[in-house]
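Chemist: This is the structure I have questions about; it appears just below.
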Amino acid sequence: MSRLRIFDDHTPNTPFFVSKEQAQITAELHKIGITFERWEATQAIEPGATAEQVMAAYRADIDRLIATHGFKTVDVISIAPDNAKREEMRAKFLEEHFHKEDEVRFFVAGSGLFTVHSGNKVYEIECVKNDLIAIPDGTLHWFDMGAAPYFVAIRFFTEPDGWVGHFTGTDIAQRFPRYIPEGCQSAH
C-alpha cells in the first residue's frame with residue numbers, strides 16, 4: 001500500500017504526518033507540485049517481463065502521458081533481489097539530487113521509496129504497484145530501492161540522454177531512514 005510520511009528536515013525519525021489514504025497522499029503532494037496517481041494494468045506483469053510486454057500492458061496511459069507532456073524516451077527498469085549490481089544501483093540514486101527534467105515513474109510491480117526535500121520539509125513517498133509519481137524538474141530528492149530491491153517501473157524522459165542526476169553534495173539523505181518495504185518489518 002502506498003504511504004506518505006512528512007518530516008521537518010531536522011527530525012528524521014519523527015514524522016508529523018502519516019497517511020496511506022490515496023486522496024490524502026495526492027492532496028499533500030499536489031501542494032509541492034508532485035503528481036501522484038494510480039493506474040491499472042490490462043495484464044499482469046512481473047520482474048523478468050520484457051520491456052515490450054510491460055509497455056503493451058499500459059499502452060493507453062503511456063500514450064496519454066507522451067501526448068500531454070512531450071516525452072521523447074520511455075523505457076523500463078526491472079530490478080530483482082538477486083541483481084548482481086543492486087548495491088551499486090541503490091547507491092547511485094541514494095544521494096540528494098535533482099534533474100533538469102521531470103522525473104516520472106510508474107511502478108508496474110514491487111515498490112520503492114522516493115524522498116523529496118522541499119523547503120524545510122522531507123516527504124517520504126512509498127510507491128507500490130500501480131503508482132505513478134511525477135517529480136518536477138529542479139526538485140531535490142533521492143530514491144531508495146531497498147537492500148533487496150524488487151520493482152519494475154516505466155520511466156519517462158523529455159531528454160534523449162535519459163537519467164541525468166545533478167547531486168547537491170549534502171548529507172540530508174544519510175540522516176533519514178533507509179527503505180525497508182512494509183512487509184519486511186513491523187515498523188518503518
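Glycine too: its Cβ is placed from the backbone N, Cα and C atoms.
In case it's useful when we look at the structure, here is the feature table from Swiss-Prot:
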- Glu96: site 'May play a role in metal incorporation in vivo' (SITE)
- His97, His99, Glu103, His141: Fe(2+) binding site (BINDING)
- His97, His99, Glu103, His141: Ni(2+) binding site (BINDING)
- Asp102: site 'May play a role in transmitting local conformational changes' (SITE)
- Arg105: site 'Important to generate the dianion' (SITE)
Chemist: What's the CA-CA gap between His141 (Fe(2+) binding site) and Glu96 (site 'May play a role in metal incorporation in vivo') in angstrom, rounded?
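Modeler: His141 (Fe(2+) binding site) and Glu96 (site 'May play a role in metal incorporation in vivo') have their Cα atoms 5 Å apart.
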Chemist: Validating a neighbour-count step here. Other CB atoms within 10 A of the CB of His97 (Fe(2+) binding site): how many?
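Modeler: A 10 Å sphere around the Cβ of His97 (Fe(2+) binding site) contains 21 other Cβ atoms.
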Chemist: Over all shown protein chains, what is the count of other CB atoms within 10 A of the CB belonging to Asp102 (site 'May play a role in transmitting local conformational changes')?
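Modeler: Summing over all protein chains shown, Asp102 (site 'May play a role in transmitting local conformational changes') has 19 other Cβ atoms within 10 Å.
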Chemist: Which residue among the binding-site residues His99, His141 has the fewest other Cβ atoms within 10 Å of its Cβ, if you could check?
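Modeler: Comparing Cβ neighbour counts within 10 Å for the binding-site residues His99, His141 gives His99.
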Chemist: Whose Cβ lies within 8 Å of the mean position of the Cβ atoms of His97, His99, Glu103, His141, the Ni(2+) site, other than those residues?
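Modeler: So the extra residues in range turn out to be Phe98, Ile135, Thr139, Leu140, Trp142, Phe143, Gly165.
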Chemist: Are there residues of the same chain, six or more positions away from Glu96 (site 'May play a role in metal incorporation in vivo'), whose CB falls under 8 angstroms from its CB, and which are they?
Modeler: His117, Leu140, His141, Trp142, Phe167, Thr168, Thr170, Ile172, Ala173
